[in-house]
């Protein structure tokens, strides 16, 4: 079925293939990806778009010496197939299986681990400068998408690349989402000339000869250079790169292996930084993904025959958030919403459609988004920044310096807080409590159910301070009655009997309630408290628990260090009272990829583990 792919054993095997064989291999890879990702889920559209690009990179560069870095990394599936992981592909993004991103522990050819965007050029530049300092001669290549190129970090790196003129090859994978491609005969002609090494050599010889002519030589050379640059600026979008000192080659058809290998061969001969602008199509070769690349960007299991996704719950925290923002915006014209290239992921499609003038998608620019919100707040608007937990951490300084110091009323809708599952270490939202609670003037909240999120948003938008509301991926698993009225820093009793209190936040309240029900069947009563405010703590309730000699077990989907439990312990220590406080949460480590249910059990946060912990406390303390 996959004749060429099945017989592919070494990273350099492709160098022995004819052009026709490479084209056949591309077809086999697409078929393999569609078949396998339909079962495991994953990032399909972006990988279908880089098949020929990846084959060309492996054809021209020798990964036993050269270095290849994939920005974000979710488009590295073809790379994984060609570096010995085909037989493990059925475990993609599964617990104990291969990651959906480059991982150094998986392969010596995964030279730098990625997951967040816009990092590849910086990493590649660092590796290139290390190469030069060590006197080595290999190539370093960074592959970055047009979306990731909007990130400030990528632009900072480009500025540095051009200034120092370090030899580096950058592949701009433009899937027509952000950067417009050049069209027209003149553009194609100039590109053909600039790619041809003979043209570059001829141009250098002409310039050298002209400069030797007395009186007019240097002037003529400068005139021709100005004329050439003037023409380029009119027809070639790559002049931005040229102007900052990076040679631009392109645009190139990213699905034409012959053209790709020719331009990459030419780029290898340039001793300065080069950027190759490649045009690709997301979802290439799979009709359903080509028509709807957004749907197939990150997708769960689906029917590969018709592109239909396996049935899932339609109601999620993200959808509830998006719908509520529309409702609130209809009532209050001061409400504005900001997102950083995550409109659909954060559930804001309808808001963007109904209030386009009050919706701001700033691209992959979380730092800018936070301070933009601050500026809006200063002028009396009510900004809401919707962002995944894992990406909010990119704007730490702006949160602290631009928002909290001034105590600006910005609401941060922190989506995907806690375990997100299959994307693994780079995307788990388990650090936000630790850095948000340490910021003066920041209030941190967490709803126990989707309905409670709607009331929390309405309340937060009428406060005069920065507020972060963190909520998980997916929807409710247990029905819980929402709290509708909030008092600053006050928690809620769900159950109020027993000498052990389960103090939980967010989704962990579900786990605590289910654990309490099981314990009650065993004759053990426990209290369940929803810590809807992580900061400030409900010190009144805590003092009462301590006075009643109640053992406190905190449950959070955050790392323990710096989280809810740590915050409670810090407060309890100020009271100089003997009290047992047990913290359940994630250890001081990165959480691997896997289904949330598996990860909760692994870290002792599932219902059964909570029951076991309570039983252990009961046995040791003799409370009952």
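Any Cβ shown, glycine's included, is placed from N, Cα and C.
Matching 65, 74, 79 to the thiamine diphosphate binding residues that Swiss-Prot gives (115, 116, 117, 147, 148, 175, 286, 366) identifies 74. Summarising the environment of residue 74 (thiamine diphosphate binding site), the number of other Cβ atoms within 10 Å of its Cβ, over all protein chains shown, is 24. Cα separation, residue 116 (thiamine diphosphate binding site) to residue 146 (Mg(2+) binding site), rounded: 14 Å. Neighbour density at the Cβ, taken as the number of other Cβ atoms within 10 Å, is lowest among the binding-site residues 146, 366 for 146.
Taking the Cβ of residue 116 (thiamine diphosphate binding site) as centre and 10 Å as the limit, one finds 20 other Cβ atoms among all the protein chains shown. All protein chains considered, the CB of residue 175 (thiamine diphosphate binding site) has 23 other CB atoms within 10 Å.
A Cα-Cα distance of 14 Å separates residue 74 (thiamine diphosphate binding site) from residue 146 (Mg(2+) binding site). Looking at residue 366 (thiamine diphosphate binding site) and residue 146 (Mg(2+) binding site), their Cα atoms lie 17 Å from each other.
Other Cβ atoms within 10 Å of the Cβ of residue 147 (thiamine diphosphate binding site), summed over all protein chains shown, number 21.
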